[in-house]
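Data first, discussion second: the structure below is written as structure tokens.
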Amino acid sequence: MTNMGAIRAALYRRRWLLSRRVVQMFIVLAFLVDWPEVGRIAHGNLSSSLWLGVLPLTDPFIALQSLFSGTMLAKTALVGTVIVAGFYFLFGGRIYCSWVCPINMVTDLAYWLRQKLNLKGNMTMSRELRMAVLGMSLILTVLSGTLAWENFNPITLFQRELMWTSVAGSMVLLSLFLFDLLITRRGWCGHLCPVGAFYAVLGRYGRLRVTAEQSGSCAGCGSCIRVCPEPHVLAPVVSLKANTVTHGDCTRCGACLDQCATGALAMKLDLGKSFRGIPIVRK
């Protein structure tokens with residue numbers, strides 16, 4: 001294989017990861033850079049923004065907190081909420097976590113370094129803990145009459161750090177990085193983040209799904225599960241109990257597709273009848 005062929009092969013094996021990074025960096029830069037002939041593409045932040053001066057986008061979790069705090073949404077914010085909620089409801093809520101959220105780049109870096117350093121420490125934590133954090137954040141919102149979670153939200157602090165060099169933002173990002181690196185694998189996104197918990201519920205029946213229609217080519221190596229940030233979502237597919245990942249925790253990150261050397265997995269948009277996984281047998 002030529003050097004160029006080797007490069008192409010290496011890029012193809014990371015096609016989903018590279019695609020996500022391009023999208024994430026574009027979104028970050030859209031809020032920061034004045035583009036030629038266009039100017040600033042997005043004004044605001046990931047909580048509520050206006051794109052190209054015409055398209056309002058509002059985080060549904062922010063909208064929910066606003067309602068719980070007793071604040072009525074402005075018409076533009078309501079329209080933005082419907083647009084964003086509709087998108088994630090159709091395609092899968094946790095697409096936000098792997099394709100939009102900038103914190104994902106921080107936690108992915110921690111995971112990569114953890115693997116390179118062969119760090120074994122992994123504190124046991126229930127994945128349901130993030131649902132408890134979600135519930136607590138809404139309770140605090142009701143009691144305080146404010147968007148309580150936004151005082152601690154790493155996503156908000158990340159954008160403040162980029163725009164105004166916030167010391168608090170730097171400390172939170174460093175803490176999350178060290179937590180994921182030293183304490184537990186995928187600790188923040190996989191066990192604690194209430195935003196991810198909210199989007200998992202919102203996009204439970206999203207139609208963009210990982211499928212194993214070529215299950216006969218599966219080598220049974222388990223490499224897809226090892227790289228998956230939410231490995232429990234792949235268990236029914238790998239054990240051949242279903243040919244489609246239907247769990248709301250799936251982030252559609254494509255890590256399993258990048259890792260699968262046999263092409264047994266694919267990402268497909270299913271617009272047919274709702275299903276929870278069609279039983280299959282090994283060929």
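Cβ coordinates are placed from backbone N, Cα and C, and glycine is handled just like the others.
Worth saying up front: this structure is predicted, and the values here are computed from it rather than measured.
The secondary structure of Cys224 ([4Fe-4S] cluster 1 binding site), as reduced to three states from DSSP, is helical. Taking Cβ-Cβ distances under 8 Å and a sequence separation of 6 or more, the neighbours of Cys224 ([4Fe-4S] cluster 1 binding site) in its chain are Leu234, Val238, Ala255, Cys256, Gln259, Cys260, Leu265. Look at Swiss-Prot and you will find Cys218, Cys221, Cys224, Cys260 tagged as [4Fe-4S] cluster 1 binding site.
What Swiss-Prot records for Cys228, Cys250, Cys253, Cys256 is [4Fe-4S] cluster 2 binding site. Cys256 ([4Fe-4S] cluster 2 binding site) has a Cβ environment of 27 other Cβ atoms inside 10 Å.
Here Swiss-Prot flags 208-239 as domain '4Fe-4S ferredoxin-type 1', drawing on sequence analysis. Sequence-distant contacts of the domain '4Fe-4S ferredoxin-type 1' (208-239), counting only residues of its own chain at least 6 positions beyond either end whose CB sits under 8 Å from a CB of the stretch, comprise 90-92, 95, 98, 111, 127, 186, 189-190, 245-247, 249-253, 255-270, 277, 280, 282-283.
Residues 13-17, 19-20, 91-95, 97-99, 127, 200-201, 203-219, 221, 223-230, 232-234, 276-280 of the same chain, all 6+ positions outside the domain '4Fe-4S ferredoxin-type 2' (241-270), place their C-beta atoms under 8 angstroms from a C-beta of that stretch. Taken from Swiss-Prot, the feature domain '4Fe-4S ferredoxin-type 2' applies to 241-270.
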Give the residue counts of the domain '4Fe-4S ferredoxin-type 2' (241-270) per reduced DSSP state, in the order helix, strand, coil. 5 helix, 5 strand, 20 coil
Reduce the DSSP letter at Cys218 ([4Fe-4S] cluster 1 binding site) to three states and note it down. coil
What does the structure give for the C-alpha distance between Cys228 ([4Fe-4S] cluster 2 binding site) and Cys221 ([4Fe-4S] cluster 1 binding site)? Integer Å is fine. 14
Can you give me the same-chain residues 6 or more apart in sequence from Cys218 ([4Fe-4S] cluster 1 binding site) with a CB-CB distance under 8 Å? Ala212, Val238, Thr262, Ala264
Return only the integer: C-alpha distance in Å from Cys253 ([4Fe-4S] cluster 2 binding site) to Cys221 ([4Fe-4S] cluster 1 binding site). 20
